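Working notes, structure below.
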Amino acid sequence: MSRIAEHLVRIGPRFLPFADAASDQLPLRKLLRLSLFQVAVGMAIVLLVGTLNRVMIVELKVPASVVGIMISLPLLFAPFRALIGFKSDTHVSALGWRRVPWIYRGTLALWGGFAIMPFALIVLGGQGYAEGQPFWLGVSSAALAFLMVGGGVHTIQTVGLALATDLAPREDQPKVVGLMYVVLLISMIFASIGFGWLLDPYYDAQLIKVISGVAVAVFFLNMIALWKMEPRNRAFTVKPEKEPEFGDHWREFISRENALHGLIVIGLGTLGFGMADVILEPYGGEVLSMTVAETTRLTATFAGGGLVGFWLASWVLGRGFDPLRMAFLGAAAGLPGFFAIMGATEMTNVWVFLLGTLVVGFGGGLFSHGTLTATMRLAPKEQVGLALGAWGAVQATAAGVAIAGAGVLRDILQAMPDLSGYGPGAPYVAVFALEAGFLFLTMIVILPLLRSALAARRL
C-alpha cells in the first residue's frame, strides 16, 4: 500500500468520512481496495451519461432523441438487478465462490461494450471516414455496445455491493454501502474532469483512445478489487436439493409494511433528479455556449454536490435521524436548485447554472442515501442483497425512463414552432420544470410514510 493510503488509514474515524465503516472483519485498507469496482462503474457512468452525451449531440450531430434512447438502453437491465443479486446469492461454483464469477461476467461484458463503442459512435455520426455509411449500421452497433455496457455495469455494481455486505458485520452494512457510493461519486468527479481534459479539443481518434483506455482500466480495476477478497466455501460447491425460487423471496419482501410505498417514492424522486442527466451538458453547450471541457465538468459539479449530500446524510443518519425524513429534505433541496438552473437561461449566467447544478446534486445525495438506508432497514439479514437489488432496480429503471423521456421531450418541444420565439433554452426549461414537479410530488407521497413512522414512535 502507498504511503498516502497508509496515512489515510491512520487518520481514523474522527476525521475521515465513513472510516467507521471499517471493522476487524473488514479493515479499511481491504474495504478501500474492494471499492475499486465502484471506480470502474463511475468511469463508465460518466462516459455514458456525461461525456458521450455531449459528444454525440454537439460534435457528432446525433439527434437528442436518439442519444436519449441510446443512453437509456443500459438501463433495460435495471429491472433485473434484484434477480441478479438473488442469483449471485444462490450461485453454485466448483471453486466455492458466489460473487466473483458474476462480477467477472459483468467485467467482460463491460469491456466488450467499450471495445466496439467508439467505432460504432463514429459510424452513427456519419461524418469524416464514416460519411455515407448506412444509418442502421451505426444504430445497431451503438445499441449493442450500450447494452453490453449496461449489463456489465448493473451486474458489477449489484454483485459488488452484495459482496461488500457479505464481508461486513450486520451493523456496519449501511455504512459500508454508503462508503461504496461515496467512492462512486468521487470517481465520477475525477473521471469527468479527466475526460473533459482528454477530449478538448475533440477529434475521432482521441475518442477511440479514451474509450479503449477506459475498457482496459475497468478490467484491471475489477481484478485488483476482487483479488483474494471473497473466501472460498465448500458449501457453495454443492447444489441444493430444491432450487430457491426468486418469486417466493420477492413476495415476502414486497409484502412488508411500506415496502411498495417506499419503492414508489424511490421511483418518483429518481424521475425528478434523473431527467437532468441527459440535458444538462447540451443545455450548457447550446444555451450558455460552454465548451466540451466546461460542460463535462458539470458532471463533476453534480457529483460533487451528491458527494457532500451523501456524506452529510450518512453523518446525520448515524445519529438516529429518520431516513424517510432525510429523503424528504433531499427532494425539497432539489427544488431551489432547478429554479436556479431555469433562471440561468434568462440571466445567461454560467455561475448561477453551476450553483443550481451543485444544489440539485446535493439534494440527490440526501435523497439517495435516505431511501437506500430506509430500504436496507426494511429487510431482514437474509434479504439485504435482495433489498439492495430492489432499490437499485427501481432507481435505475426510473433513471432510464427519465433519461429517455427527457431527450425525446426536448426534441419534441424544440420542433414546435410556437416555442421558437422563446429562444433555444425554452425546451430545456420545460424539462427542468417537469423535474421540479416530480420532486414536489415525491414530497407529497413521502408525507404519509412520515406520519405513520411518527405515530409508531409515539406508541
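These residue numbers are counts, starting from 1, taken along the chain as shown.
Using N, Cα and C of the backbone, Cβ positions are placed for all residues, glycine too.
As recorded in Swiss-Prot, the features of this protein are as follows:
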{"type": "TRANSMEM", "residues": "31-51", "note": "transmembrane segment"}
{"type": "TRANSMEM", "residues": "66-86", "note": "transmembrane segment"}
{"type": "TRANSMEM", "residues": "106-126", "note": "transmembrane segment"}
{"type": "TRANSMEM", "residues": "136-156", "note": "transmembrane segment"}
{"type": "TRANSMEM", "residues": "179-199", "note": "transmembrane segment"}
{"type": "TRANSMEM", "residues": "207-227", "note": "transmembrane segment"}
{"type": "TRANSMEM", "residues": "260-280", "note": "transmembrane segment"}
{"type": "TRANSMEM", "residues": "298-318", "note": "transmembrane segment"}
{"type": "TRANSMEM", "residues": "327-347", "note": "transmembrane segment"}
{"type": "TRANSMEM", "residues": "350-370", "note": "transmembrane segment"}
{"type": "TRANSMEM", "residues": "384-404", "note": "transmembrane segment"}
{"type": "TRANSMEM", "residues": "429-449", "note": "transmembrane segment"}
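At the 8 Å Cβ cutoff, the transmembrane segment (350-370) and the transmembrane segment (31-51) share fewer than 3 close pairs (sequence separation 6 or more) and do not count as touching.
With a cut-off of 8 Å between Cβ atoms, the residues of this chain six or more beyond the transmembrane segment (327-347) that come close are 265, 269, 272-273, 276, 287-288, 309, 313, 353, 355-368, 370-371, 374, 423, 425, 428-429, 432-433, 435-436, 439-440, 442-443, 446-447, 450. Using the rule of three or more Cβ pairs under 8 Å, pairs at least 6 apart in sequence, the transmembrane segment (298-318) is not in contact with the transmembrane segment (429-449). Each of 31-51, 66-86, 106-126, 429-449 was scored by its Cβ pairs under 8 Å to the transmembrane segment (260-280), and the highest score goes to 429-449. Beyond its flanks by at least six residues, the transmembrane segment (207-227) meets 33-37, 39-40, 43-44, 47, 55, 100, 103-104, 107, 110-111, 114-115, 117-119, 121-122, 156, 160, 195, 198-199 of its own chain at Cβ-Cβ distances under 8 Å. Counted over residue pairs 6 or more apart, the CB atoms of the transmembrane segment (106-126) and the transmembrane segment (31-51) come under 8 Å in at least three pairs, which marks the two as touching. Among 136-156, 384-404, 429-449, 384-404 has the largest number of CB pairs under 8 A with the transmembrane segment (66-86). Under 8 Å from some Cβ of the transmembrane segment (429-449) lie the Cβ atoms of residues 258, 261-262, 264-265, 268-269, 271-273, 275-276, 279, 324, 327-328, 331-332, 334-335, 338-339, 341-342, 345, 363, 367, 406, 409-410, 413, all in the same chain and six or more residues away from its ends.
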